[in-house]
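*Asks:* For 65, 72, 141, the entry in TrEMBL reads CoA binding site. Residues or ranges marked as domain '3-hydroxyacyl-CoA dehydrogenase NAD binding' by TrEMBL: 21-206. Residues annotated as domain '3-hydroxyacyl-CoA dehydrogenase C-terminal' in TrEMBL: 208-305. Summarising the annotation, TrEMBL assigns site 'Important for catalytic activity' to 162.
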């Protein structure tokens, strides 16, 4: 009995050990964060962007983020901190052709725009170019993993790795397995998440997985409460912070997440599940988005952030 358990464990670790070369497609906030934590935990990382300027911008952002981490972790030893920054950056390379970048990949994590057609075009191209053993994963927060992977011939080696922003700080990783994801792939993704130091949870391929499936309708209900004139934004936020112990109120959270992002998720889910009242788009939210009031990132959303 002990031997068979040991064999299974060894086999799982052997599977897990295969993920050394990681390709991250998309150098935005999420992609850069994923590349950073993967490199900091000893993986060889290739970060793919549209052009050299964007690659440089992403790697510059990672450098700044690593310097912040080093300041905190090695505050008494500047030399050690510099070693950590340089050592991590040495594990990250840039590329502009995804199909060339994936030729030696064990894992590809996609972190591009939340549009099914764009993701399909990318994965269709990568499926032809990547070795047979390469696992594909999407960092989507709202689209179906099975649908994203449907254009590939490796649906057994396809899963979801949903990280949270900012990736170096947020401990959670949602690992999504579809009906087609093999046990071997799932175990490799779990071992990868654990090696990154993340707290990993598993969820089926259901809209929004766990966090967003609960969070987006919650934020939407808060906006509807506001729309009806039942309470002010400040009172709604104070209520949830002091009455439910949340670190941030729902209206503040929408501003932080981005009104456009929240609106797009609701819109997408409403199209797929038109009869679910929780997913009905919200007029006041759409109006603010059309006025360019997108939250913290644009300087104004439900609240103003202009200095």
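Backbone N, Cα and C define each Cβ position, glycine as well.
Automated prediction, rather than curation, is the source of TrEMBL annotations.
The model shown is predicted, which means the values in this text are computed figures rather than measured ones.
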*Asks:* Within the domain '3-hydroxyacyl-CoA dehydrogenase C-terminal' (208-305), how many residues are helix, strand or coil going by DSSP?
*Replies:* 65 helix, 3 strand, 30 coil
*Asks:* How big is the CoA site in terms of the longest C-alpha to C-alpha distance among 65, 72, 141, in angstrom?
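*Replies:* The span, Cα to Cα at its widest, is 30 Å.
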*Asks:* Do you know offhand how many angstrom separate residue 65 (CoA binding site) and residue 162 (site 'Important for catalytic activity') by C-alpha?
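*Replies:* Residue 65 (CoA binding site) to residue 162 (site 'Important for catalytic activity'), Cα-Cα distance: 20 Å.
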*Asks:* Most Cβ neighbours within 10 Å: which of the recorded positions 72, 162 is it?
*Replies:* 162
*Asks:* For the C-alpha pair, I'd like the distance in angstrom between residue 72 (CoA binding site) and residue 162 (site 'Important for catalytic activity'), rounded off.
*Replies:* 26
*Asks:* Which residues does residue 141 (CoA binding site) neighbour through Cβ under 8 Å, counting only same-chain ones at least six apart?
*Replies:* 114, 162, 208, 209, 212, 265
*Asks:* If you average per-residue pLDDT over the domain '3-hydroxyacyl-CoA dehydrogenase NAD binding' (21-206), what number do you get?
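*Replies:* Summing pLDDT over the domain '3-hydroxyacyl-CoA dehydrogenase NAD binding' (21-206) and dividing by its length gives 97.
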